[in-house]
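Residues or ranges marked as transmembrane segment in Swiss-Prot: 46-69, 135-158, 175-199, 273-291, 330-353, 369-395, 417-439, 517-535, 575-596, 643-665, 707-727. For CYS559, CYS568, the entry in Swiss-Prot reads [4Fe-4S] cluster binding site, with the evidence type sequence analysis. The chlorophyll a B1 binding site annotation in Swiss-Prot covers HIS654 and is backed by sequence analysis. Residues or ranges marked as chlorophyll a B3 binding site by Swiss-Prot: MET662, TYR670. Residues or ranges marked as phylloquinone binding site in Swiss-Prot: TRP671.
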Amino acid sequence: MALRFPRFSQGLAQDPTTRRIWFGIATAHDFESHDDITEERLYQNIFASHFGQLAIIFLWTSGNLFHVAWQGNFESWVQDPLHVRPIAHTIWDPHFGQPAVEAFTRGGALGPVNIAYSGVYQWWYTIGLRTNEDLYTGALFLLFISAISLVGGWLHLQPKWKPSVSWFKNAESRLNHHLSGLFGVSSLAWAGHLVHVAIPGSRGEYVRWNNFLDVLPYPQGLGPLFTGQWNLYAQNPDSSSHLFGTSQGAGTAILTLLGGFHPQTQSLWLTDIAHHHLAIAFIFLVAGHMYRTNFGIGHSIKDLLEAHIPPGGRLGRGHKGLYDTINNSIHFQLGLALASLGVITSLVAQHMYSLPAYAFIAQDFTTQAALYTHHQYIAGFIMTGAFAHGAIFFIRDYNPQQNEDNVLARMLDHKEAIISHLSWASLFLGFHTLGLYVHNDVMLAFGTPEKQILIEPIFAQWIQSAHGKTSYGFDVLLSSTNGPAFNAGQSLWLPGWLNAINENRNSLFLTIGPGDFLVHHAIALGLHTTTLILVKGALDARGSKLMPDKKDFGYSFPCDGPGRGGTCDISAWDAFYLAVFWMLNTIGWVTFYWHWKHITLWQGNVSQFNESSTYLMGWLRDYLWLNSSQLINGYNPFGMNSLSVWAWMFLFGHLVWATGFMFLISWRGYWQELIETLAWAHERTPLANLIRWRDKPVALSIVQARLVGLAHFSVGYIFTYAAFLIASTSGKFG
């Protein structure tokens with residue numbers, strides 16, 4: 001018999017039903033469950049797949065560069081970044097009639113094009129790229145790196161080049177390599193690029209390989225470095241009248257601590273950014289030499305963890321046993337990595353708009369909105385994944401004997417207290433926030449807006465004041481003009497910071513009021529509820545009072561039959577499944593808030609947000625309904641316009657989202673009966689019955705149907721909001 005899919009599971013390959021296909025796809029990446037898997041092969045497969053991942057990333061970025069160079073308008077955008085619309089690529093569509101061709105021909109293009117809302121133009125411009133040739137060179141280089149990555153992945157699966165398990169479990173060497181080799185060296189290289197190419201580029205000096213060694217980024221070269229006069233590198237920074245990309249108003253400094261933004265580009269000073277990367281490089285290069293490898297000096301992670309026993313016995317045996325637990329569990333390591341990456345991605349979202357690093361990106365409002373929303377959604381998925389793999393760790397890898405009375409065991413011992421406290425916090429936030437919104441809503445409906453309960457966020461305003469925001473009149477710390485910190489800030493450190501906080505042309509420390517207070521608590525409710533579901537799923541993954549032997553059933557199981565009464569929907573997978581809905585819900589509130597506040601800020605009618613955000617109808621009418629007008633105007637009696645594609649995507653997103661409910665609010669028997677009826681009809685229909693299939697069609701399992709439903713719900717939800725966001729923002733601001 002020929003080998004059937006899936007080859008990694010002979011048991012599944014012999015399944016006579018369509019379950020073979022779906023279960024095969026579902027477990028393709030669960031290497032641990034495959035036939036003939038060994039620990040060594042498991043590590044090697046994962047290691048090789050990392051190279052494939054890198055190859056895809058480099059190919060994708062290469063494609064961005066290539067298509068902009070080939071079909072974009074980078075060179076004309078560089079001449080006038082504020083008024084030329086950046087083109088991502090052309091659109092070739094045989095269905096386009098003349099109105100469509102006219103609607104999508106913009107940005108100085110000859111035919112229909114897509115506008116870039118990803119910020120790549122601003123990024124490439126800031127780092128010193130100026131011509132299409134530069135973009136082609138970058139694309140070719142990344143293509144080369146992509147090919148090298150593929151070869152690397154293949155190579156590390158060959159017998160001679162397969163690393164051993166001990167190599168994968170050498171934590172100290174890996175830490176040193178990642179800290180120094182990846183973070184340290186790459187940050188140093190980036191600081192070097194900024195100093196040698198980007199900063200001269202911002203001052204009108206075009207540095208390439210042919211003149212790289214002739215152009216000194218600083219007049220005195222390395223002199224100040226070797227004579228210890230490092231402060232010279234910060235002297236004579238660009239002036240406030242500097243025109244980016246020209247020598248007009250340019251200085252000579254390369255490493256500064258100015259703070260604030262370049263007045264023309266409204267982005268961080270390039271010299272500040274270079275300084276930051278140099279500092280990061282220094283820290284990580286040092287950190288990468290701290291762990292004990294060949295020479296018997298430095299820290300041993302195991303020794304560090306074994307020594308971490310808090311005095312007073314409050315945390316039992318502290319970190320004892322953690323080293324082997326973490327080092328031998330890929331799921332634990334992945335959970336930690338995902339948790340860190342998720343937090344970082346959310347921080348990227350917050351900082352890309354409040355402290356924009358790329359020239360002119362702050363004035364490209366649609367790009368700002370798209371990047372914020374994109375990074376928050378990515379962060380949500382990554383963070384929920386962290387808890388999913390934490391739960392799998394508890395089911396597959398956790399050994400109670402190895403972890404007796406350490407912090408992990410104590411988390412499990414205290415899980416009732418942890419879960420009930422989170423539950424209490426969620427209930428408190430939910431009822432109080434909704435209560436305030438509903439009360440205010442009713443007051444507005446009855447025509448007595450003055451009876452709303454409006455709470456000023458005085459503590460948050462005080463924190464903003466402490467950082468230098470003067471408009472609240474708190475007169476504290478950095479907002480107190482006669483305090484020592486304020487005076488030192490004028491000259492010693494970040495003199496531009498206080499100006500930036502107090503001018504209205506950026507998104508630093510936006511003025512907040514009762515509407516912000518309410519929506520912050522709504523978001524807090526979402527965060528706490530999502531966390532509650534995820535934490536409970538992980539802590540109850542091994543067992544609960546209702547089902548003490550849960551771990552024997554694995555990560556995802558539908559029920560344990562009627563005999564156990566009520567064991568449905570309590571697998572760790574079900575907790576993840578439920579949490580994703582809450583995560584999407586929460587990020588919906590976060591992005592609604594961010595977008596509405598910024599739209600009113602950019603349009604100069606902040607009072608609309610302030611007045612309408614304190615009650616539910618305000619959000620529904622003045623944010624969602626008012627801003628969706630562009631989406632229902634994509635096609636009208638006058639034909640179509642450049643928003644038509646978003647209008648179509650808005651409808652399509654709703655369709656995909658609604659399809660999700662077909663899988664979510666349904667039972668397996670219904671589908672099985674329907675499938676059998678269809679199969680019966682098929683087999684009795686002339687011509688149709690000439691086509692036979694090998695596998696008996698069966699309905700999806702309960703867990704699979706939930707996954708399919710969740711996938712449609714998530715994709716439709718994000719498509720719908722993406723279309724709304726881009727159309728409503730670009731419709732107003734271009």
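Glycine is treated like the rest: Cβ placed from N, Cα and C.
Classification of CYS568 ([4Fe-4S] cluster binding site) by DSSP places it in coil, neither helical nor stranded. Here the CA atom of MET662 (chlorophyll a B3 binding site) lies 20 Å from the CA atom of CYS568 ([4Fe-4S] cluster binding site). Counting C-beta pairs under 8 angstroms (sequence separation of 6 or more), the transmembrane segment (417-439) reaches the transmembrane segment (517-535) with 3 or more such pairs. Neighbour counts of Cβ atoms within 10 Å were taken for the binding-site residues TYR670, TRP671; the minimum is at TYR670. Residues 26, 117, 366, 369-370, 373, 377, 577, 580-581, 584, 588, 591, 595, 627-628, 630-631, 634, 643, 646-647, 649-650, 652-664, 700 of the same chain sit 6 or more residues outside the transmembrane segment (707-727) yet have a Cβ under 8 Å from a Cβ within it. Within the set of binding-site residues CYS559, MET662, TYR670, TRP671, the entry lying nearest in space to the residue listed as 'chlorophyll a B1 binding site' is MET662 (CA atoms). Across the fold, the C-alpha of CYS559 ([4Fe-4S] cluster binding site) and the C-alpha of TYR670 (chlorophyll a B3 binding site) stand 18 Å from each other. Looking at which of 46-69, 175-199, 273-291, 369-395 has the most CB pairs under 8 Å to the transmembrane segment (575-596), the answer is the stretch 369-395. Under a cutoff of 8 A between CB atoms, and with a sequence separation of 6+ in the same chain, the neighbours of MET662 (chlorophyll a B3 binding site) are GLY709.
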